[in-house]
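**Student:** Found this in Swiss-Prot, in case it helps:
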TRANSMEM  5-25  transmembrane segment
TRANSMEM  37-57  transmembrane segment
TRANSMEM  66-86  transmembrane segment
TRANSMEM  91-111  transmembrane segment
TRANSMEM  164-184  transmembrane segment
DOMAIN    203-292  domain 'RCK C-terminal 1'
DOMAIN    293-376  domain 'RCK C-terminal 2'
TRANSMEM  386-406  transmembrane segment
TRANSMEM  409-429  transmembrane segment
TRANSMEM  443-463  transmembrane segment
TRANSMEM  478-498  transmembrane segment
TRANSMEM  506-526  transmembrane segment
TRANSMEM  539-559  transmembrane segment
Amino acid sequence: MNIDVVLLLQQNPILLIFVVLAIGLAFGKVRIANMQLGNSIGVLITSLIMGHLGFSFNAEALTIGFMLFIYCVGIEAGPNFFGIFFRDGKHYFTLSMVVLVTAVSISYFASHYMGLDFGLSAGMMAGALTATPVLVGAQDALNSGLATIPRNMEFSLVLENLSVGYAMAYLVGLISMIMFAKLLPRLQKQNLSDSAQQIAQERGLGGSGQRKVYLPIIRAYRVGPELINWTDGKNLRELGIYRQTGCYIERIRRHGILAHPDGDAILQEGDEIALVGFPDSHARLDPSFRNGKEVFDRNLLDLRIVEEEIVVKSDAIAGKRLSDLNLSEYGCFLNRVIRAQIEMPMDLDIVLAKGDILQVSGEKSRVHGLAERIGFISIHSQIADLLAFCSFFILGIMFGLVTMTFGQVSFSLGNAVGLLLSGITLGFLRANHPTFGYVPQGALNMVKDLGLMIFMVGIGLSAGGKMFEHLTQVGPQIIGIAFLVSVVPVFFAYLVGAYVLKMNRALLFGAIIGARTCAPAMDIVNEYAKSTIPALGYAGTYAIANILMTLAGTILIILS
């Protein structure tokens, strides 16, 4: 049996999509100079080659790809967006606006000066900023009629220009941002590591702001004469065992009766006590604990230690510092703090926001008691609330179709903005109502990444046919403008953040990278800072920048 592979792929668009995805994802794992190409570049290059070979793509599949992507971006941003915007928005919003206003200005004036065709400037800016939301906003403005296409151009040609501009500028944007992350920390006067340590000292952090994560252990001891002498008649509150060592007494057996002690309890000779703490905490116990006979009793040691992710929801807790939680009162241990999927430094002075996730371990009843106070335990379920997911998706599309009229001017927000807003709403409601709209993070990541990759396949296949033709005609101009769009806004943001906003350099670099939504550069800055402190700045600008970039794409294509 003979199989014509080319004909098979041309007649089966779904098969073509996944063939390009599989080859592109495999290609993305290739490393060049210790840097992995990544999924986006792998899929983009593969689809460009396939497009150049004459393969085409279904435009409807391209549309569903970007819709799913932008909707999931909104859901991820929702839990933290309003808190960041209204509480810490001054610096983060300013930096995001500096980056985008500068990028839009350079793209608009440079493309007009160079005489680039309609659509190339928006695609080029999206690629230079490595920001797919810019491209999504521009394309949706065309689909909704918000942007007017020149009379001498076909709609398909404009979409092709968007794709070509994006594809040609993407590598320029990614490489230049990574170079910025490597070079600018060296060129500035302040050492990034020193800046991170300064924040660490001001906020009570130690070292890198990281710690190993492991569950506490339980050990039991019989109270002997040495320990009685050490306690000197003081109650547990006065002894401050937790403050000194990080261990706390979970149970006491006295005269055969098990009990949970309170702060007023006084140890007596012959008591058997169960202590909970990390291994290094047990090692800090006074020798009079360990010199007593260690007890191996199933009933005494039968404690259920759990590790849960607690989502901050309470209005009384949001806006307070981590130190205000007084975890020692609950006998709980904090392992990590996660905001916008970014692990934060273990900073006792970090201000909590709704939607923050605290990974806490301890005895089950104590952890659940803490969760009732600050929010709720994240549902560890593999079942997504598809009804809410689909309903808000529909609402987003419907909202984007609403036409508003001002005098003789009519316009609609379009699918991109509508889905972004509905996604933010769903994410926000999910952060405040644990049983509503739950989507496992793994499932959300898969839908978002799949939508983005399908969108990238469409971009590459659409651009591939004309890619080399454009390279010979306007390639140098697009690459030159893309370099300016990628680099100049970053330097402006650095100057504004450093000398106008007076931001700490470690936080500033994280915030700039968040404004550029360039995750690969984040690891480089953390490495230079020898800390995860820059992640505080990254999380602050990331949610805001994703929203503004979608609007920037819409604005630029309208102005072009």
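Keep in mind that glycine also has a Cβ here, set from the backbone N, Cα and C atoms.
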**Student:** With an 8 Å cut-off on Cβ pairs and a sequence gap of 6 or more, do the transmembrane segment (5-25) and the transmembrane segment (443-463) reach 3 or more such pairs?
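**Tutor:** Contact confirmed: at least 3 Cβ pairs fall under 8 Å.
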**Student:** Report yes or no: does the transmembrane segment (506-526) come within contact of the transmembrane segment (164-184), defined as 3 or more CB pairs under 8 Å with a sequence separation of 6 or more?
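**Tutor:** Taking Cβ pairs at least 6 residues apart, the transmembrane segment (164-184) and the transmembrane segment (506-526) are in contact, with 3 or more under 8 Å.
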**Student:** Sort out the residues at least 6 away from either end of the transmembrane segment (164-184), same chain, that have Cβ-Cβ distances under 8 Å to it, and list them.
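**Tutor:** Contacts with the transmembrane segment (164-184): 35, 40-41, 44, 48, 116, 119-130, 135, 459-460, 463, 466-467, 470-471, 475, 478-479, 481-483, 485-487, 490, 494, 509, 513, 516, 518, 520-522, 524-525, 528.
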**Student:** Count up the helix, strand and coil residues in the domain 'RCK C-terminal 2' (293-376) according to DSSP, in that order.
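**Tutor:** With helix first, then strand, then coil, the domain 'RCK C-terminal 2' (293-376) has 23 helix, 32 strand, 29 coil.
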